[in-house]
Structures are given as structure tokens and as C-alpha cells.
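Record features (TrEMBL):
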- 31-509: domain 'Major facilitator superfamily (MFS) profile' (DOMAIN)
- 31-52: transmembrane segment (TRANSMEM)
- 137-157: transmembrane segment (TRANSMEM)
- 185-211: transmembrane segment (TRANSMEM)
- 223-243: transmembrane segment (TRANSMEM)
- 249-267: transmembrane segment (TRANSMEM)
- 339-356: transmembrane segment (TRANSMEM)
- 396-415: transmembrane segment (TRANSMEM)
- 421-444: transmembrane segment (TRANSMEM)
- 484-503: transmembrane segment (TRANSMEM)
Amino acid sequence: MDVENSGTNQKDEIEIIEIMQNFGKYQKLQYFYACLAVFFITMIHINFVFVAGDLNYRCRVPECENQYAVYNVTWWPNSTIDRCTRPKLKQGFEIGQTCTNDSFTNAVEECTDWVYETNNTVIATLNLACQPWKSNLIGTIHNFGMMFAMITSGWLADRFGRKPTLIICSVGSCIGHLKVFTSSYYVYMFIEMLEAVVAGGTYTAASVLMIEISGKNRILAGVLFAYAIYMGESIFACIAMFVPYWKDLIRIIYIPPIIFISYIFLLKESPRWLILNGRTEDAKSILLRISKVNNININKQKLENMNEEDLKKQFKIENYEYKETYGDVVKSKEILKRVLVGAFCRFTASFVYYGLMMNSVYLPGNKYTNFMLSTVMSFPGELISMYLMNRIGRKLPIMYGYFICGLLCVASAWTPEGYTWLKIALFLFGKLLVSMCFTGVITYTMELFPTSVRGTLLGICSLASRTGSMFAPLTPILNTVSVILPSMFFGGFAIVAGSLLTLTPETKHLPLMDTVEQIERSIKLREIRRRDISTKGEESNGLM
């Protein structure tokens with residue numbers, strides 16, 4: 001009887017390499033932890049949209065009001081006066097008199113002090129009236145910080161691990177809480193920049209960790225990662241709607257990340273990264289944990305007896321004598337081509353995605369509602385992306401998604417103003433398709449790069465993506481030249497991105513590569529096979 005049970009157990013055992021291919025409770029928990037961090041960091045990342053939003057204000061007239069002035073007054077002149085000038089009082093007006101609509105002349109003078117309708121944003125707290133460049137610079141500085149974070153965090157994730165990078169970056173975002181204690185514009189800007197530099201690395205570390213433990217569910221990893229971002233955007237809009245005062249809003253979104261200290265115990269490192277960096281015992285410990293949590297039957301004794309070489313062979317991870325760096329990337333034409341194509345596609349996805357979102361704000365209605373609707377439109381795009389990329393492949397859905405999105409943007413630009421319903425329909429479908437490309441290209445670029453430099457190269461692509469999101473808010477300026485220019489720019493970039501994707505390979509059925517050398521060798525083997533097939537074809541034609 002014991003012999004029979006032993007035989008049954010051996011049949012139920014799976015190979016060590018298949019531990020990472022089974023998607024179970026372990027992956028679900030790790031995905032939840034990673035997505036939770038991304039969810040909160042997204043709210044922090046877009047905080048300036050409402051925290052530094054514009055306010056109604058007018059010039060203060062000291063002769064007519066005291067230091068506790070209110071925005072709405074009955075004595076303000078009936079004539080239209082811009083926010084940066086104040087009406088002049090008539091000669092003979094004495095301080096102490098009651099101001100009326102007739103107390104002013106038609107002349108105006110430069111304003112030096114202002115009265116704000118509310119103190120809901122930093123515009124009032126930092127006294128930024130009539131200085132739009134300063135309020136806009138808050139978002140620009142934040143995005144510059146994010147750009148820097150994308151590069152440094154990629155290197156940190158490759159050098160020190162995905163787990164410590166994610167924990168340090170997510171917990172470090174709490175530094176932004178200091179903004180509520182400052183009344184100096186330049187101190188506020190410094191904290192905004194520092195917060196973005198620290199917190200931005202959460203995106204890179206979380207995305208790399210998710211893709212490396214996903215097994216066969218790499219598309220699901222990309223979709224869930226994107227959904228965490230969209231949920232963060234939508235929930236932040238809801239919170240801002242009910243908590244308009246910026247200091248309360250800051251406290252609500254900046255305090256929760258402190259809980260990520262618990263990730264020291266909850267989050268686990270990527271086994272592939274551990275194996276690649278020679279931490280064999282740690283890797284075996286996590287693999288045993290995965291098999292236990294997912295209820296997978298493996299030969300535990302065999303795993304425990306494996307040395308570093310055996311473990312690398314089992315997971316098809318090749319040895320290399322030194323750490324691969326930017327130098328190895330530059331020397332490899334194939335990797336360099338993938339980086340350039342991936343970076344441009346990531347730039348385009350962000351530029352078009354956020355550009356369409358920014359232009360949706362000009363639609364009539366509540367700004368919070370419009371913002372939520374623009375993010376909600378992204379959700380069906382993710383489902384379409386997951387279905388098509390699992391069913392057809394990675395490359396073709398993204399490529400045609402860019403092409404069609406570009407054509408819809410161009411069509412929207414040239415649609416006459418009288419066809420309002422058609423322009424809105426083209427806008428919504430364009431937003432839907434760019435959302436699909438946004439997620440798809442993130443997953444696709446993850447699969448294009450080897451484990452040894454994946455974090456670093458994804459950091460470069462994320463930098464390009466962040467650059468696109470920085471240029472997107474500037475597109476409304478093009479409307480002053482021609483109303484068709486923004487949509488033409490979106491369409492042109494999308495079509496070029498789709499064309500560039502013809503230069504990169506399909507990755508659906510390919511395993512994750514671990515080194516630059518491994519990719520170079522696979523390309524050479526592919527070229528040899530093509531030559532052999534071409535030669536055989538010519539010989540067959542000659543015989544006929």
C-alpha cells in the first residue's frame with residue numbers, strides 16, 4: 001500500500017521550474033501588496049491637479065475693507081475688471097466712508113494684494129494670484145522629480161532588489177506631508193520635488209516584481225498594475241470632491257503609505273532576481289514558500305540540495321561573469337533598438353493618453369466629474385488589451401491599436417463643429433484605444449528586456465513615459481494657433497509609434513530572457529534558421 005502511495009505522490013510532483021508557472025494564492029497576495037502601493041502613490045502623483053488648482057480672486061481695496069475681507073462684496077464696480085488690476089477711487093474719497101458702486105472711476109491700477117474666494121488650494125496659502133507660471137511650475141517640478149526617480153529606481157531595483165526599492169520609495173512618499181506646514185513657495189516646491197524623486201520609484205519596482213512572479217500571466221500583471229493606477233486617479237477625484245481644502249486632502253492621501261513598513265514582513269523578493277544575483281538560499285526559501293502557499297507538490301529535498309549552478313540551469317538562467325550595465329546595452333544593436341522603440345512607444349502612450357485627458361477638462365460640467373469620467377474610460381481598454389494580447393499576441397494588438405487611435409484622432413480634428421456627437425464619439429474611442437496601448441506597451445517592454453538590466457531599461461522607458469505626460473498639458477496652447485493641431489499631434493505620434501513596432505519581435509510564446517548575451521544569441525539563431533529556410537527554398541525551386 002505504501003509503495004502505491006509513493007508512486008502516486010511521484011506522479012503528482014511537478015518540476016521545480018513549474019513552481020513559478022502556476023498562478024495561485026501566493027501571486028494574488030503579492031499582486032495585492034504591489035497594487036496597493038501603486039494605488040496610494042498614484043493619488044500622491046496627481047495631487048497637484050487639485051491641490052494647486054486655480055481659485056477665484058480679486059484685488060484688495062484697502063480703503064473699502066479690512067484684513068478680514070471677503071471675496072463677494074456689494075460695492076465692487078459693475079464694469080468688468082480683470083483679476084490683476086484694481087479700480088481707482090474717485091478724488092475726494094475719504095477713508096472711513098462707505099464704498100459703493102459709484103465710488104470708483106473707470107480707470108484701473110496695478111494690484112499688489114488680493115482677496116481669495118476660498119483657501120481650498122495652495123494658490124491662496126502661498127499667495128500665487130496673477131502668477132500662473134508659478135502654479136503651473138508645481139506640476140512641472142513634480143514631473144521632473146518623477147523623471148529622475150524612474151532612472152534611479154530602475155538601477156536601485158537591479159542593484160539592491162525589487163522589494164527594498166518598493167518599500168523605501170512607497171514609505172518615503174510620506175515626506176510630502178511636510179507641505180501642509182510651509183507657507184513659502186520655494187520650500188513647497190523643494191518638498192514637491194523631493195517627494196516625487198522618492199515616491200516615483202514605486203512604479204518601477206512594483207511593475208518589475210509583478211511581471212517576474214507572474215509565470216504565464218504576464219498580461220494580467222500589466223492589466224492589474226494599470227487598474228491600480230486608474231483606481232488611484234478615480235478615488236482621488238472622489239476624495240477631492242468631498243474634501244476640497246488642500247491641507248485636509250494632503251493629510252488623507254499622505255498618511256496611509258506609512259503602512260508599507262509592514263511590507264518588510266509581507267512582501268517577498270523576486271526569486272528570479274535572487275537566483276541571478278547569487279542569493280541561492282534566499283531563492284530556495286521563497287520557492288519553498290510559493291509551493292506551500294499555492295499547495296504545489298514538489299520534491300523539496302531535491303530543491304534544498306540544489307546549488308547555485310543547478311538552480312540557474314533549472315530556471316534557464318545563464319551565468320555571466322560581471323554585472324551587465326548600460327555599456328552592454330549600447331554595444332548590443334538588438335537591445336538598443338528595443339530600448340528606442342519601447343521608449344518612443346511609452347512616450348506616445350502617455351502623451352496621447354494624458355493629452356486626451358487634459359482636453360476632456362474643457363468639456364462642460366463639473367471638473368471632478370469630468371476627471372473621473374476620463375479615467376473610467378480606461379477600464380474597458382484594459383479588458384480589451386488583456387483579451388487580445390492573450391488571444392492574438394502582444395505586438396499586433398498594440399500596433400493596430402496605435403494605428404486606429406491615430407486615425408480616430410485625425411478624424412476628430414477634421415470633423416466639423418456641427419457634428420458634436422461624432423466628435424465626442426471619436427474622442428471616446430480614441431481614449432479607449434490609447435488606454436489599451438498604454439497597458440499593453442508596459443507589459444510588452446517588460447518582456448523585451450533581459451532580467452539583468454530589466455529594471456534599468458524599464459526606468460528609461462518610464463522616463464520617456466513621464467516626458468510624454470509632461471508635454472501633454474501644453475497641448476491646449478496649440479488651440480490658439482489652430483483647433484485641429486492637438487488632435488493632429490496625437491494622431492501623428494500614434495501612427496509613428498505603430499510603425500516602429502514592426503521592428504520588434506512578438507514575445508507571447510517566448511520565455512523571459514535573463515542576459516543581453518542570451519538575447520543576442522537568440523537573434524543570431526533566428527537569422528541562421530531564416531537563411532537555412534531561404535536556401536532550402538531556392539534549392540527546391542532549382543530542382544523543379
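Glycine too: its Cβ is placed from the backbone N, Cα and C atoms.
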Subject >> the transmembrane segment (31-52) versus listed stretches 185-211, 223-243, 396-415, 421-444: most Cβ pairs under 8 Å >> reply: 223-243
Original post:
Residues of the same chain, at least six outside the transmembrane segment (339-356), with any C-beta under 8 angstroms of its C-beta?
Top reply: 329, 374, 378, 398, 402, 405, 409, 427, 430-431, 434-435, 437-438, 441-442, 444-445, 448-449, 457, 460-469, 471-473, 475, 486, 489-490, 493-494, 496-497, 500-501, 503-504
Original post:
Looking only at residues six or more beyond either end of the transmembrane segment (421-444), which have a C-beta under 8 A from one in the stretch?
Top reply: 207, 211, 218-219, 221-223, 225-226, 342, 345-346, 349-350, 352-353, 356-357, 359-360, 374, 377-382, 384-386, 388-389, 394-395, 397-398, 401-402, 404-405, 408-409, 411-412, 415, 490, 494, 497, 507
Original post:
What stretch of 137-157, 223-243, 396-415, 484-503 shows the most Cβ pairs under 8 Å to the transmembrane segment (185-211)?
Top reply: 137-157
**OP:** Could you pull out which residues elsewhere in the chain have a CB under 8 Å from any CB of the transmembrane segment (137-157), counting only those six or more residues past its ends?
**Re:** 45, 48-49, 52, 122, 164-165, 168-169, 188-189, 192-205, 208, 455-460, 462-463, 465-467, 469-470, 473
Subject >> Model confidence over the domain 'Major facilitator superfamily (MFS) profile' (31-509), averaged pLDDT >> reply: 83
